[in-house]
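Going by TrEMBL, these are the annotated features:
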- 5-442: domain 'Major facilitator superfamily (MFS) profile' (DOMAIN)
- 38-59: transmembrane segment (TRANSMEM)
- 71-90: transmembrane segment (TRANSMEM)
- 96-118: transmembrane segment (TRANSMEM)
- 130-152: transmembrane segment (TRANSMEM)
- 158-180: transmembrane segment (TRANSMEM)
- 192-214: transmembrane segment (TRANSMEM)
- 220-239: transmembrane segment (TRANSMEM)
- 292-313: transmembrane segment (TRANSMEM)
- 325-343: transmembrane segment (TRANSMEM)
- 349-367: transmembrane segment (TRANSMEM)
- 397-414: transmembrane segment (TRANSMEM)
- 420-440: transmembrane segment (TRANSMEM)
């Protein structure tokens, strides 16, 4: 079977995941060159997150409606244009607008990448192997983003951080279009619920915004107001979807206990992963005195261990164990690394960063592939986009929850170790949820070998 679908899925997923964190290290340089205020600068990151999380469910349904490869190709084209606009931005406002457009198009690309794998590879060993590579680039994207940002910001310019997407995005656009011509994929499968799409976008974007405000100075009232509005919108979405003849989520998709448990586990696991990249970057640059380049390179061991375990170890374990067991084992190892990171001394590098992050990387590498495998198993082909959209939405909301909770705990306690301790507790919860998933009846195809 051709490797092109796997290559397109992995490169496209890496493109959108890297850009979640790629501006973190470059943000001081961006703020200085564009004369952005302290209040405006965080919106360079937040604009992407709001667009991404808010439209994921809609983007997934779009892939089921117009076709996976078409959604992937069109989404990648818009993402590439937005990246160039951001890289050439003359002002902070233009950059923030470009980042928002990046996030919106990423929400179309991300679910389509997993759906493409589901359509291409049959359940069993082939799909597990493909998903292992997909999850490897997904979870390592934060580290790769920080490494890339550190290198390009120090050696070239912060603008190169966004402009580097041009050749990659063009390749994904053309390769996805080629896949569509080769497969002659059917399109137009079902009508699109515009009202549900609008309410879902508003609800998830507002929820992400509310979470982003938690822990900020003087923002608690605005966060509570936004949270109340988001709750009302999402409740309205649920009621609308129950009556809609063409719901964003096919009826019956959430009735399976395994899928619901998997989504809860994915949300909790992503809460740790998103927070990890942010707080570890902050610790290295502010507490340990690393430059942008040094901080980026310090993520190499974590990124390498994540990729190695995801692609080589986890698929072999899944041939012998139910998916919940690697999740539980990995989460316990990651929790140990996070607790160690919280109490680590500032020197030497071996104790301050290397040992804890490698342990976290090994654990994280065991968690993600089983979760993605469960989501894609036993789902009808016409609903694959909706299932992958649910998975991605859970992960993005989980990331927002993790950042908000970590920030709030750090501010409330005044302790730099508190966010890492919270992440450790979250991973212990994932370990418990993993054992629950292992106790459920999981499809035999997952363990075929």
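Numbering starts at 1 and runs along the chain as it is shown here.
Including glycine, each Cβ sits where the backbone N, Cα and C put it.
Under the criterion of 3 or more C-beta pairs below 8 Å, with sequence separation of 6 or more, the transmembrane segment (192-214) and the transmembrane segment (71-90) do not qualify as touching, having fewer than 3 such pairs.
Sequence-remote contacts of a segment are chain residues at least 6 beyond its ends whose Cβ falls under 8 Å from one of its Cβ atoms, and for the transmembrane segment (420-440) they are 257-258, 261-262, 264-265, 268-269, 271-272, 275-276, 279, 321-332, 334-336, 338-339, 341-342, 363, 367, 370, 374, 402, 405-406, 409.
Note on the transmembrane segment (397-414): residues 20, 49, 53, 204, 207-208, 211-216, 266-275, 278-279, 421-423, 426 of its chain, located 6 or more positions outside it, place their CB under 8 angstroms from a CB of the stretch.
Beyond the transmembrane segment (349-367), the same-chain residues lying 6 or more positions past its ends with a Cβ under 8 Å from any Cβ of the stretch are 136, 139, 269, 273, 276, 280, 284, 288, 298-299, 301-310, 313-314, 317, 326-327, 329-338, 340-341, 427, 430, 434.
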